[in-house]
Amino acid sequence: METIVFGLLNGVSYGLLLFMLSSGLTLIFSMMGVLNFAHAAFYMLGAYFAFTITGSSSFWIALFIAPVLVGLVGAVVERYGLRRVHPNGHVAELLFTFGLAYLIEEVVKIVYGKTAVDYRVPELLDFAAFEIYGASFPAYRIFVIFIAVAMLVGLWFLLKRTRAGLIIQAALTHPHMVGHLGHNVPFIFMMVFGIGCALAGLAGVMAGNIFVTDPAMAVQMGPIVFVVVVVGGIGSLEGAFLASLLIGLLQNFAVGINLKFAEIFGFLGMSDLSEVGRISVSSLAPVLPFLLLVLILIFRPQGLLGEKEL
Amino acid sequence: MNFRKTAILAAATSVLALGAASADTIKFAFIDPLSGPFGPSGEAAYTSYQLAAEHINENGGVNGDMIEIMGYDNKVNPKESLVQFQKAIDDGARYIVQGNGSSVAAALIEAVNKHNKRNPGDEVLFFNYAAVTPAFTNELCSFWHFRFDAHADMKMAAITDWIAERDDIKSVYLIGQDYVFGQAVASAAEGQLSEKRPDIEIVGNELHPLGKVKDFTPYIQKIISSGADAVITGNWGADMQLLMKAAAESGSEVPYLTFYGGSKGAVASLGEDGIGLLHQVSEGITNLEASDEQYALIEEYKERFPDYDYYYHRVWNVMDMFKKAAEEAGTNDPIPVAKALEGLSIEHAYGTATMRAEDHQIQQPLYISVVSDDVKYGVDNIDLGWELVDAGTISMDAAEQPTTCEMERPE
């Protein structure tokens, strides 16, 4: 029972954090067709900006300003970088964002140093929300859940229920038509890229103080974001949401399970002295998302809710 | 035209040859992580080596030669380390120092053994300052390898001695990194606890992947629901810091007995919650009584490298023992230095250190310390620091462990 409750709580909070991080990536891909390798780097920028702003004012100001700043950086990158690279095709775009990721990391190292900065949870939320089976659940994580859900609803409303969303969607499939109707298509793309980066920045603001804010945080988060996006279906916001929760729950439940392979497959005659039999489920937890990635690519290449194949 | 080119080339070569002939630097290759999640661990040691070398050079060097520390980033990857090792050899290094990661140390020991066998006259020595898998000075022992840190069994002996005295501890949870070192820590804990306190129940034995876990909350909740009275961990680097962060968030209130609680950021992560709970075992802490020179050194380090704290005291032991051995041998060549190191003793700031000849394992007193808010020197740029616990000094004899090493020595 404890395992299930803990698994659910942590799984949902971790999963929603993943969603915040990957929603921007999937948004950019679905709207612009750009697979942004530098996405996790924008997440890192969000955390660092929040650290700086928190230092000179407060976390609450950082919560609003930092994502906007990251969004501006993203918009500049689109306007003066990506837009010029775009005519050269997808490979050029991929390589551009790939290089950009390294560039941002190095700049962060130069500005903030190679080691972690002391970015903390705001004091107002630094208490235990409730206690369950002797372990406390931090209020800040509940705040994260709240922000993530608000973000999902906001995004969904913007894209599906507003005129702006309609134009954005149309600009992807029929850019010339939308252009002829008098909309500034390149500007729309710049906005979309900026918003996508701002979402990553917001995730950084929220996650930087739960985990560690250091120059390695982008590299550590990078792979898992792509797993979420691919599993959910590239370009599908709902899919990314589902996949984030799935991965969050999967990882957290696996850690909570004490069984070893030998105990599960004992009926097949596996002994707990054998190499495979000694592996415990919990030690496999961090690998599971990648296993899921491989399985999805083999059996359902379009992802859980995706429309197009990779 | 051609003639001029050749002349320039010839001039350049002769300058190079001159440089090689005068050879007045002793090259130390520092092969450890200088980026990534374990970058801070490597960087803290690298800066320590640099400062130690500077001090030696300012005082006339070793046998008149200057020490140069060259950094090679191995990303805690054994394969990458072998590439860096080759690079270091090509750059003229005769001494290799490494510490972060027993998987790396194992690969380097093998590489050094091979290199020395194939290149007589160009031998290199491996000074291991922190990779503490016991096997390196037991079944895998090598004449070319010297360990300047107490190995896992020795540190565990200190921890289990301390637990044995604490009657209120009835159950223990083991958590560690899933590689050769984490496994060694777990088996040492199991073996020694069953010997010293057979009544203690081990309620969990968890291994997690090295440097991959971002959120330790589920692990901490497992620890809490297991009802353990104490936790033993060998975690280091980011794994230590994140474990402590999750422990603080979840309100875990049991003592954490660690090898590397001094890892950068761990104390700051726990904050006030860590007082009286986070313990570490080490060869020295800054808040022990020491000479004014030692205090000056601690302060100089902090001033030069404000991001880090004076933590790697053993780095100074490495350099001081090297200097003493080389001066006794009268040369900076690896084989005579290695022979002089065997059985060598130095007095360092926190006691005596002796390099045991039979297995090249340093023997020294160990100290168990705990986070406190009443200290001379804080860490992580906050006011909390390490304070010796009651009866926290483990003498050299008590920490000493037997060895199974059968060493092959060169002529």
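Every residue gets a Cβ built from N, Cα and C, even glycine.
Feature list (source: TrEMBL):
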TRANSMEM  A:12-29  transmembrane segment
TRANSMEM  A:34-53  transmembrane segment
TRANSMEM  A:59-82  transmembrane segment
TRANSMEM  A:94-112  transmembrane segment
TRANSMEM  A:132-159  transmembrane segment
TRANSMEM  A:187-211  transmembrane segment
TRANSMEM  A:217-234  transmembrane segment
TRANSMEM  A:241-259  transmembrane segment
TRANSMEM  A:279-299  transmembrane segment
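Highest Cβ contact count with the transmembrane segment (A:34-53) among the listed stretches A:132-159, A:187-211, A:279-299 falls to A:187-211 (criterion: pairs under 8 Å). Annotation: stretch A:217-234 has the most Cβ pairs under 8 Å to the transmembrane segment (A:12-29), among A:59-82, A:94-112, A:217-234, A:279-299.
By the Cβ criterion (distance under 8 Å, sequence gap of 6 or more), the transmembrane segment (A:217-234) is counted as touching the transmembrane segment (A:279-299), at least 3 such pairs being found. If one looks beyond the transmembrane segment (A:241-259) by at least 6 residues along the same chain, the residues whose Cβ comes under 8 Å of a Cβ in the stretch are 3, 6-8, 10-19, 22-23, 152, 224, 227-229, 231-233, 280-282, 284-286, 288-289, 292, 303-305.
Cβ atoms under 8 Å from those of the transmembrane segment (A:187-211) belong to residues 17, 20-21, 23-25, 27-28, 31-32, 34, 36, 39-40, 42-51, 62-63, 66-75, 77-79, 82-83, 119-121, 140-141, 144, 147-148, 151, 155, 167-168, 171, 178, 217 of the same chain, restricted to positions at least 6 beyond its ends. Counting only same-chain residues 6+ beyond the ends of the transmembrane segment (A:94-112), those with a CB under 8 A from a CB of the stretch are 34-42, 44-45, 48, 51, 77, 81-82, 85, 215, 218-219, 222. Tertiary proximity for the transmembrane segment (A:59-82) is limited to same-chain residues at least six positions away from its ends with a CB under 8 Å from its CB atoms, namely 34, 38, 42, 45-46, 49-51, 53, 93, 96-97, 100, 122, 124, 189-191, 193-202, 204-205.
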